Structure formats: structure tokens, C-alpha cells
Amino acid sequence: MDIDRRPQNNTVPFQVQIVSPSTFFLSGPTLNYNGTYQLTYNGVLNRTVTKNLTVTFNASDNKGFSAISSIPIIVGDVLNNYPISNGYKTVTVIYANGYINSLINVPLGSVFVNDPDDWYIASRSYSVRSASNGQTFTINQGYLRTSSPLYPGSATVLVDVTKSNVPSSAVGTMEVGVQSVDSEWVRQAATIRIQGEYPETLIDPALGNRLNVLRNALASILLVTADSITILAIRPVFQYRSPYYPPLPFDQAKQQALTDIVFYIPSLAKSDIENSINTNIARFASLYGIIVNASGPNPCSNYACLSGTICRPTRTIQPLPYVIDSNQTSFVGINVVDSADCVNSTYSPNFTNTQSSCTTYSFNNFTYCPCTSLQAYAPLGPYCQVLGRTFRENGGGYAVFDGMYFSNQAPTRFSFDFALRSPVVDGLILLYGKNTTDVNDFFWTSAEIFNSKLRLRFRDQILDATNTVINASTWYHVEFQYVDSLILVTVNDCQYVLSTFNKTLNSYDLSNVQLFLGGLPVTGSLVSGLYPSLTQVNTFSGCIRNVMSNGYYLDMNAALASANSDIGQCPCALTNSCTSTLLPRTTDIIIPWYTWLIIALVLLLLATIIALGLLTCIRRRQQQKTLAGLYPDDTRDNIIDYKETAGEEDHSTYNLGVLKKPVYALSDEEILANNARSGLHNMAYAETINNRRPALGEYIDEKLTEQQIVSYANDTQLHYRYEGEGSIASDLSSLESTQYQEEHDFRFLYSWGPKFSRLADLYAGGLEDDINNLDNA
């Protein structure tokens with residue numbers, strides 16, 4: 001509603017613009033007096049994708065007055081009389097520290113019960129029965145909300161739902177999980193862009209829970225655990241389509257849809273993550289069925305800026321969260337915006353800490369440097385900028401930087417983070433201005449703590465952030481953007497606007513412009529006297545980090561002068577966020593699935609071998625027990641051992657050479673006699689024989705004497721006594737030759753030839769005689 005109406009002679013024209021979503025557009029006059037506009041949706045409203053839409057408008061007139069309004073849209077069908085039944089839903093909430101108030105009175109997700117008419121959620125009656133953690137929840141238009149801050153933890157909310165036209169009642173159970181993260185996680189988070197998924201289809205368990213599939217795919221490719229991946233934001237990517245083109249069918253539109261997932265991994269740098277994803281884009285599709293469109297997309301790619309400006313990518317956190325809702329789950333994420341800012345190109349930073357091995361990735365045109373020698377001061381910027389500086393408790397701290405690289409001319413964007421120690425006292429955080437007179441001919445800017453509130457000065461104008469109370473041990477993100485004659489200021493989840501300001505600039509030397517952090521030097525300098533409106537200029541106690549101007553971070557290690565301050569990461573004790581760990585985790589390693597498969601197969605093979613060995617041993621023992629059971633009566637006390645009284649000659653000392661046939665057939669006496677008859681020429685040989693070889697008789701007597709020394713088993717006749725009955729062997733007298741011959745016929749020996757004729761006569765010859773005698777009888 002606009003009070004500037006014609007009946008009241010208020011004819012100031014106004015204009016209306018759509019804030020979100022971008023798929024809607026308005027048609028009507030550029031400047032309007034009667035408020036007639038037509039709302040059009042460029043697409044197909046499909047309740048599978050979304051059942052409820054809210055179109056937000058921003059109306060402003062020429063006097064600078066503006067208002068924001070919204071229109072809820074329900075995508076539905078004809079109501080019927082189907083009954084409802086109990087339903088269950090999970091709600092995941094994540095927010096950055098300091099943005100807790102952004103969740104107040106924000107729809108966290110629709111209440112779900114099983115109902116074919118679930119698009120008529122606003123037509124039902126709702127009543128919150130209970131909340132497990134004592135949190136106060138309400139239901140508005142079928143959506144769960146809370147009027148108090150949501151702190152990290154979990155809660156079970158039971159909601160009674162009544163469908164009035166049936167009538168039918170059911171209970172909707174909602175499991176709400178809340179997590180808070182450091183805003184630094186957002187700055188260091190990586191981005192992956194996937195194609196063929198809407199945010200709603202990505203989180204819906206009924207559609208395969210594709211978000212978990214993506215998380216597992218990232219864990220496998222990046223060699224980390226899935227639990228170490230924190231999803232910070234899920235957002236749709238706007239793609240322009242001319243309103244003159246007909247809407248695409250749902251399936252075709254879904255194939256072309258793009259969705260960004262912003263995630264953080266503590267053990268990996270943003271540049272390394274996005275480079276690994278870009279290298280393995282094809283593996284996402286082949287192994288997990290996920291189409292990756294881009295890794296770490298640069299919003300300035302193919303983005304054209306006006307003359308005198310350059311495009312710089314900027315990541316910001318919007319005050320309100322981004323809610324994605326489906327039947328069985330909803331995701332309330334951080335509203336992370338990566339924007340392409342066309343900023344003033346007059347100021348260009350010069351980085352002195354960059355190293356020769358800096359890399360500019362071709363897939364997104366981002367530059368990163370290894371910064372090996374500065375890792376002790378991490379976290380660092382992409383050009384090795386040290387991002388943090390801590391000012392000591394006793395006060396008197398400051399750091400002075402060259403102001404030539406910071407722009408205060410529109411268009412520009414400037415931001416920084418700060419945190420205070422307890423107690424909170426008034427003091428100067430930041431000043432950008434001249435270090436010599438006259439300071440009022442320069443558009444100087446300052447930020448200070450005044451009465452536990454943040455006060456911003458833009459030369460002769462003051463902006464008090466009255467909606468933001470400054471507390472100790474809490475990070476605050478301050479950002480102001482110059483757009484023409486407007487200054488848009490954001491302090492965490494609160495927004496402020498300074499509509500008009502005097503930006504007239506006189507001629508001045510940029511070498512006299514400096515940036516002061518943490519305070520002003522009060523000794524040996526006249527700077528503090530140049531700004532009499534800043535009363536407390538040396539009492540700041542805390543940390544300042546991530547000072548950015550026009551998309552470039554300030555290098556805290558490049559101060560022209562400093563006192564009572566230290567560079568590097570801000571101490572965790574400042575925000576009570578210290579955690580005790582025995583060993584810092586440098587990386588999370590996950591073993592690929594095929595490695596586990598190989599290990600499992602090897603263990604299975606070893607187990608099989610061990611099992612076969614055990615079975616073999618058991619079988620042998622059973623066989624021994626079986627053989628022992630076949631002869632139970634052979635183990636008796638009355639068996640006599642004959643080993644001491646009988647046996648044959650010991651084979652171990654048996655010398656076959658004693659019984660070898662002599663080389664000489666004649667006796668030694670004959671040999672000698674023959675030698676005598678053969679003549680004198682054999683006398684030498686005979687003498688050699690007598691000396692080397694003794695007489696055969698003497699040799700035999702010598703051997704017999706040696707055999708008597710060693711006691712062997714007696715080779716004598718033994719008389720076996722009766723040992724009783726029960727032996728499995730029958731009487732020896734039962735072995736009769738007749739039975740033996742009947743069982744064995746040796747007449748086949750005649751077929752072996754003449755060499756075995758004697759053997760055949762001995763065995764088979766007698767058998768033929770016995771057979772003939774039997775026949776004659």
C-alpha cells in the first residue's frame with residue numbers, strides 16, 4: 001500500500017521490483033501511480049518440485065521511501081476427502097556464529113503428515129503438542145517457526161494436525177537438528193556445481209537422498225571421511241530464459257537445472273578441493289551418476305563491467321537463511337552469495353609476499369599461492385596475505401597501512417570481521433582517512449564501539465547499528481557497499497541503509513591517506529588530534545581479520561607501523577572456542593573400496609587354508625582312533641617282548657664288502673707259486689702283494705674278532721609260548737601247503753621263458769604232479 005495516492009494529491013510515482021525468486025517477473029509501467037502490475041512466472045509450476053512459493057517485492061518511490069512485501073503462492077489441486085496419517089520429517093539447520101537471530105520467525109519447514117492433498121497444508125489445523133528441549137515453536141501457514149533463538153542441539157517436535165473436511169487427525173513428528181559454525185568456514189568453503197538436480201530433489205529421501213550420494217562421492221575422490229564434510233549451503237543457479245520462449249517440460253527443465261553446493265572440509269584448502277574436483281569430473285558421472293557442471297565457479301567469468309570498473313568475485317552471508325523444503329526433510333542453510341561486483345578500478349593492490357610458484361587455475365581463473373614460509377600465520381589469503389591481527393589487552397595498540405589500495409569511491413565494497421575481549425569498552429576499530437590536515441575535504445570512514453553498539457561514521461554523517469548489541473567473545477562481520485548515493489551496511493544478520501551522503505571530494509594526495517586498525521598512535525603523532533569526534537582511540541582489545549576492499553584482502557603483515565599487536569590467527573581463547581586434542585589431524589584418509597575388497601579376499605584365503613589344515617589334523621586323529629579300535633585285544637599284559645632274545649644281524653653295521661667275491665680266483669699260495677714259476681721279473685710284484693694284502697684266513701679271523709666285540713641280537717632258535725586267546729593271527733600250524741597251492745597257481749612261470757624254467761619247475765612242477773595224482777585216484 002502506498003499512501004501517496006491521487007485523492008490526497010500525493011502523486012509521487014513509485015516502482016516495484018521482484019527480490020526473489022528470479023523465475024517471476026513483473027510487467028507494468030516503469031513509474032506507476034495506481035499500483036497496477038502483472039505477475040508472471042517463467043516456467044511450469046510443478047508440485048513435485050515445490051508446493052509453496054513466496055514472491056518478495058521491493059517497492060520504492062522517488063522520495064527515498066521503500067517497503068518490502070511478499071505474496072505466498074500454493075501449488076495445488078482439487079481438494080478431496082482422503083484421510084491423513086502420522087508423518088515423520090527431519091529438519092537440518094546450520095548457521096554461522098553471530099547470525100542466530102536470523103532464524104527467528106523464519107519458516108524452518110512444512111509439517112508433514114501422509115496426505116494425498118499435502119499441497120493444502122495451509123487449510124489444515126495445527127497445534128504444537130510438545131518440544132523435547134523446551135524450545136518454543138509455532139505453526140504458521142503449515143510451517144514450523146520459532147520466536148526465540150535456536151541454539152545448537154536437537155529437538156523433537158510433535159504437532160497435531162487436523163484435516164477439517166474429512167475430519168481426520170494425525171501427528172507430525174519433526175526432528176530438528178541445529179548446528180552453528182564459524183563464519184570463517186564460509187570464507188574457506190569450496191563450491192561444486194551439479195547439473196540435473198533441483199535443491200528439493202537433491203535432499204528428498206524419497207528420490208534416493210542424492211545429497212548423501214554426493215557427500216560419499218566427494219569423500220571418496222578427496223580421500224576424506226564423509227563425516228568431515230559439512231554442507232553449508234544449497235542454492236539454485238539462476239539461468240536466464242527469455243519470457244518469449246515457451247516453458248520447458250518438467251523433465252527437460254530438470255535436466256538443465258544447476259545447483260550449487262557449498263561445503264567445508266577442515267583438513268583441505270579450498271583451492272586443493274576445487275582443483276581435485278575439476279580433475280575428477282568424469283568420475284562423478286561414471287561411478288556415482290552425478291553430473292558435475294563446474295568446480296569453484298567464478299561469478300566474474302564472462303561478466304562485463306562498465307568502463308573504469310573491474311569485476312571482483314565477492315562472497316557474502318545474507319542475513320536470512322536459505323530454506324529448502326520437501327515432504328520428508330528440509331534444509332535450512334547459510335545464505336551464501338557469490339556475487340560479481342563491478343568495483344572501482346582506480347585502486348589496485350600490490351602483493352609483496354607472493355611466491356614464484358603461484359598457480360592460476362584455467363577452469364575458474366582463480367590464483368592461489370602455496371605460501372609455505374607463512375603457514376605459521378595461517379589462515380592466509382590467496383596471495384599469501386596474513387588475514388588476522390590481535391591487539392593486546394593492555395590497550396595502546398594500532399597498525400597503520402598504506403591507504404592507496406582501498407577505495408571509498410562508488411562503486412566499492414568494504415568489509416571486515418572483529419571480536420572483543422571482555423569487558424566491552426568503547427574504542428576505535430578502524431579509520432580510513434588522511435593523516436594530515438584538512439581531513440574534512442576527504443570522505444573518511446570509521447568504525448567504533450560506542451555504548452556497546454557499533455557506530456559508523458562517513459565524514460559528517462553517523463550511522464548507529466542500534467539493532468546489534470556488541471557482546472564479548474563473538475565474531476561480527478561488518479560490510480558496507482557504496483552504490484551511487486546509497487551506503488548499504490550489514491552487521492551480521494542486520495541491515496542498515498544510509499540513503500544520502502556528501503561524497504564531494506577535493507583534490508588530495510593519496511600518499512597522505514592511510515588505514516588505521518585497532519586505534520590511532522597517540523605518542524609521536526598528530527593523527528589522533530585530527531579527528532576530535534573519536535574520543536577513545538587506543539582502547540580496542542580484541543582481534544580484526546579478513547579486511548577486504550574491492551575483493552582483495554588486506555595483508556596484515558604489510559603494516560607501515562604497529563604497536564601492541566600481533567599478526568596471525570586470532571587466538572581461540574578470545575571466543576572461547578578452544579578444543580583440546582592430543583594429536584592434530586592433518587588429513588582424513590579413506591581407503592578405496594577395492595582395497596578393502598582385496599584385504600577381505602586375502603583374509604578369506606588365509607582362513608580357508610587354516611580351516612583345511614585343522615580339518616586334516618582332525619581327520620588323521622580320527623583315523624588313528626578308528627584303527628586302534630579295530631584291535632582292542634592286542635593291547636594286553638600277557639604279551640611277551642622278544643626283542644632282547646631274537647633278531648637278525650644289525651643292518652647298520654653290515655658290510656657287504658666282506659662277502660664280495662675275491663678279485664683273484666686262486667688262493668694266495670697259488671698266486672705266489674705261479675709268480676715263482678714266471679721268472680724273476682715278477683719278484684717285485686709278488687713282494688708288493690705280500691706287503692699290501694694279508695692272507696685270507698687272517699683277514700677272516702680278524703673280522704670275526706671285531707664282530708665279537710659288538711653285541712648284536714642273538715641269531716638262535718626261539719621257542720614261543722602260548723600267550724592266550726584273542727589274537728587276530730591264527731595258529732602257525734594252520735598254514736598247510738595244500739591250501740597254499742590251491743590259492744596260488746605258478747604254472748604261468750613257464751610263459752616267462754628259458755631264464756625262469758628252473759623257477760617254474762620248483763613251484764609249478766610239483767603242483768602238476770599233485771594234480772595228476774588226484775586225477776588218478
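Each residue, glycine too, has its Cβ placed from N, Cα and C.
Automatic prediction, not curation, is the source of TrEMBL annotations.
According to TrEMBL, the protein has these features:
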- C543-C570: disulfide bond (DISULFID)
- 388-570: domain 'Laminin G' (DOMAIN)
- 593-615: transmembrane segment (TRANSMEM)
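Note: C570 (disulfide bond) has non-local neighbours G388, T390, A419, C543, R545, i.e. same-chain residues 6+ apart with C-beta under 8 A of its own C-beta. Take the CB of C543 (disulfide bond) and look out to 10 A: across all protein chains shown you find 24 other CB atoms. Across the domain 'Laminin G' (388-570), mean pLDDT in this model comes to 87.
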